[in-house]
Amino acid sequence: MEVRDANAAMLSNYEVYQLLTDLKEKRKEMVKNKHSTGQQNLNTIMYETLKYLSKTPCAHQNPDTVKKFLTSMLPHKLTKAEKLQLLNHRPQTAVEIQLMVEESEERLTEEQIDELIQKVTDVLPGDPQKEADASADPEMETDQ
Amino acid sequence: MFVLVEMVDTVRIPPWSFHRQLNEAIAEELNKKLANKVVYNVGLCVCLYDVTKLEDSFIFPGDGASHTKVHFRYVVFHPFLDEILVGKIKGCSAEGVHVSLGLFDDIIIPPESLQQPAKFDEAEQLWVWEYETDEGAHDLFMDRGEDIRFRVVDEVFIDTSPTGPSTEKEAPSAATAPPAGAEDSAPQKEAPYTLIVRILDIAIMSI
């Protein structure tokens with residue numbers, strides 16, 4: 001076996017999540033054929049990866065939001081790795097942005113960081129459950 | 001976290017699989033060979049992405065199976081340097097904190113990379129971060145099952161291919177012999193791919 005290119009492309013969590021869910025569907029349809037024991041490794045890694053990714057923000061993304069996100073990131077001049085991390089993690093605080101973007105103090109002003117957080121929160125869908133809880137709390141506070 | 005790796009390999013399709021579509025048979029063989037396995041200096045292979053090129057299949061004398069050279073791309077788990085990841089604390093030992101990602105377990109935070117000051121609590125077998133605030137010292141225990149955010153600092157690939165009959169027979173009673181209980185037949189299992197990470201200085205459990 002020969003490795004031609006160990007780094008041909010970077011994949012976002014969403015792409016891998018999509019690939020694995022499609023593969024899982026296809027394999028379910030092929031259940032009529034004997035489930036060979038040789039595929040146990042594939043089953044294990046698929047199950048674990050899906051379990052991990054379903055808890056990340058990528059589970060709620062779709063191709064349109066990803067495209068929209070990348071176009072909205074154009075003016076900020078971020079590297080590919082930084083955009084990928086923002087896409088995979090959906091940071092909500094300035095602290096998280098500072099961790100993911102290198103030398104953020106020099107490259108981004110505070111307003112730009114806030115702008116980034118705003119764009120990320122608007123364009124990338126979050127966990128609907130958590131957002132329902134979060135919006136319920138301020139309502140409770142105003143009632144009191 | 002994931003990268004696409006282009007690889008070339010010769011896939012052997014046994015005669016009883018000739019009735020299947022070539023693409024499907026090849027995809028299954030490749031997944032059987034690579035899924036959930038670590039390739040040296042590449043990473044943990046997850047699943048096949050696509051097949052880019054199929055060359056002609058050959059049957060060689062003496063073997064009824066067909067051999068096909070396949071160019072394909074595979075999804076590999078290989079976080080880049082300085083990447084931020086979130087995992088669960090699996091346990092602690094004197095070597096550091098062990099973190100797991102579900103799909104990948106060999107992640108370790110060496111004691112130097114924990115926030116200082118940190119000490120190892122022998123009784124509970126947990127690392128503790130003592131940090132001082134104006135009110136006084138707080139102890140933050142690294143409990144098992146807690147989510148933790150960390151940054152990748154280094155990766156270590158070890159070639160675990162089987163070696164030939166080794167020279168262990170030469171020094172059975174030397175001072176450098178392995179400790180009692182670990183004989184020639186039970187060598188230490190080394191993880192082929194280990195990630196050395198550092199905990200983030202700011203807000204570890206802010207998830």
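Glycine too: its Cβ is placed from the backbone N, Cα and C atoms.
Remember, TrEMBL labels are computer predictions, not curated facts.
The shown structure was predicted, so the numbers you read here are calculated from the model rather than taken from an experiment.
According to TrEMBL, the features are:
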- B:9-64: domain 'RNA polymerase Rpb7-like N-terminal' (DOMAIN)
- B:83-199: domain 'RNA polymerase III subunit Rpc25' (DOMAIN)
- B:161-187: region 'Disordered' (REGION)
- B:172-185: compositional bias 'Low complexity' (COMPBIAS)
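Over the domain 'RNA polymerase III subunit Rpc25' (B:83-199) the predicted model carries a mean pLDDT of 76. Secondary structure of the domain 'RNA polymerase Rpb7-like N-terminal' (B:9-64) per DSSP (helix as H, G, I; strand as E, B; remaining residues coil): 16 helix, 24 strand, 16 coil.
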